[in-house]
Amino acid sequence: MMNLSDPAIVWFYIAVALQISVTTVIIPLKIKSQFGKYLSFYTEEDHPALYTSSSKVIDYALRFYLLMSISMAGASFYFLYSSFTNKQELFNWDNQSGIMVLFLMSLLPLFFLIFVNKRYFKLLKDHASKKRTASLTIRRWQDFIPKFSIALLILGHILFVAVNQYFQLHPFDGFAGYVNYLGVIFLDTVNVVAISLIIKGKNLSQVKGEDKKRIFQARAIKINVTIWIVAIYYLVIALLLAGAELRDYALVIQSLYFVLIYVMVNKLFVSSSDITPPHSTA
Amino acid sequence: MITIDMDSREPMFSQLVAQIKKAILDKTIGPGDALPSIRQLANDLDINAKTVAKAYDLLERDNVIEKKGYRGTFVHPNAYSNSQFDLEDWLDEQLASLLAILKTSGATDSEIRIAFNKVMSQQIKGK
């Protein structure tokens, strides 16, 4: 039974409600409206070259995406409501795992969008110009990642090692010890591989123009590095809160962390500065 | 920046060679400048890495670029003058003058072709 008068529990419910609202309602609505703007600014009649699929098919995919998101919102809020009224942990199971399940549920519509986007990119590739361009300058990771971000990453790692070593000497109940380093090594490996793949620029031949390719790469790397930085500091904060016996507040931080990850991932799809006044190409 | 035309009759590796030489003659890139790796260029152009490797091998043979092991590939110090030399034109000239000598001596076209193929196949076997 959870004590609903505990402020940490109240904050937990507020954070989870915010997580559900952002990931299954606010961002999906924003994505739908952003793509809707694209469709109305660059109409199929005026810009036929942009439409590798009819506007009706694109609109249908977007409506389906929004319907999926709203369904997930309904289900998620129902689970949250039943947890609150029954004074039980999420899914009658565990709050920490429950937040993870809600996050995965919110990702399902996004996976659908990624699948559609991948097909769209393949179509773009098939329709790409037969003239391909490339730059004769080498690309290095230093050109994409600012020194400030590298400094933040190094500092985050030093903090993590320091905090982990401290709790190694003064362990709390449930402390994983040196196993925590495996998690950080996994996190670092995933990010290094992802960034190096983006820098190599595979499958970017459908993006016309070297400058646009570089902008796309820079944006993808910036998002990746931001998620990496946030992840390492989240681990440090989670360890500190667990060590201070404030695990319920750690759940609040975890929920906020998922919201941030979701927002950053969605930045790959939409950016409010992308739409420029249309010029007819018909 | 280089551009490859996928519809062109010219093989992709020779388009690459010509484009890199053009960039050197235009002074877009100069002696000592680092060139992208074979994999990077192949990814950017969405072509096979072997095509880029072949172009780089030919450019290295002509002393237009130089490979420095793990450090990468760089523009050769004499790249500008070496890029002006066209091996294809030189071959055409050499063969034309040789053909003129052979024809003056009374050899027919088919005799020249047979002899040329014979020598070429012997050369290949000799390798």
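Backbone N, Cα and C define each Cβ position, glycine as well.
If one looks beyond the transmembrane segment (A:12-31) by at least 6 residues along the same chain, the residues whose Cβ comes under 8 Å of a Cβ in the stretch are 62, 65-66, 69-70, 72-73, 76-77, 80, 84, 90, 95, 99, 102-103, 105-106, 109, 113, 248, 251-252, 255-256, 258-259, 262-263, 266, 269-270. Residues annotated as transmembrane segment in TrEMBL: A:12-31 (among others).
Long-range neighbours of the transmembrane segment (A:64-84) within the same chain, counting only residues 6 or more positions beyond its ends whose Cβ lies under 8 Å from a Cβ of the stretch, are 4, 13, 16-17, 20-21, 24-25, 28-29, 31-32, 90-92, 98, 102, 105-106, 108-109, 112-113, 116. Here TrEMBL flags A:64-84 (among others) as transmembrane segment.
TrEMBL lists A:96-116 (among others) with the feature transmembrane segment.
Residues 175, 177-178, 180-181, 184, 225-226, 228-229, 232-233, 235-236, 239-240, 243 of the same chain lie 6 or more positions beyond the ends of the transmembrane segment (A:148-167) yet place their CB under 8 Å from a CB of it. The transmembrane segment feature in TrEMBL is assigned to A:148-167 (among others).
Sequence-remote contacts of a segment are chain residues at least 6 beyond its ends whose Cβ falls under 8 Å from one of its Cβ atoms, and for the transmembrane segment (A:179-199) they are 139-141, 144-145, 157, 160, 164, 217, 220-221, 224-225, 227-228, 231-232, 235, 239. The transmembrane segment annotation in TrEMBL covers A:179-199 (among others).
The transmembrane segment annotation in TrEMBL covers A:220-243 (among others).
Summarising the annotation, TrEMBL assigns transmembrane segment to A:249-270 (among others).
Long-range Cβ contacts of the transmembrane segment (A:96-116) within its own chain (Cβ-Cβ under 8 Å, at least 6 residues beyond either end) map to 16, 19-20, 23-24, 28, 31, 61, 64-66, 68-69, 72, 75-76, 79-80, 83, 89-90, 251, 254-255, 258, 262, 265-266, 269.
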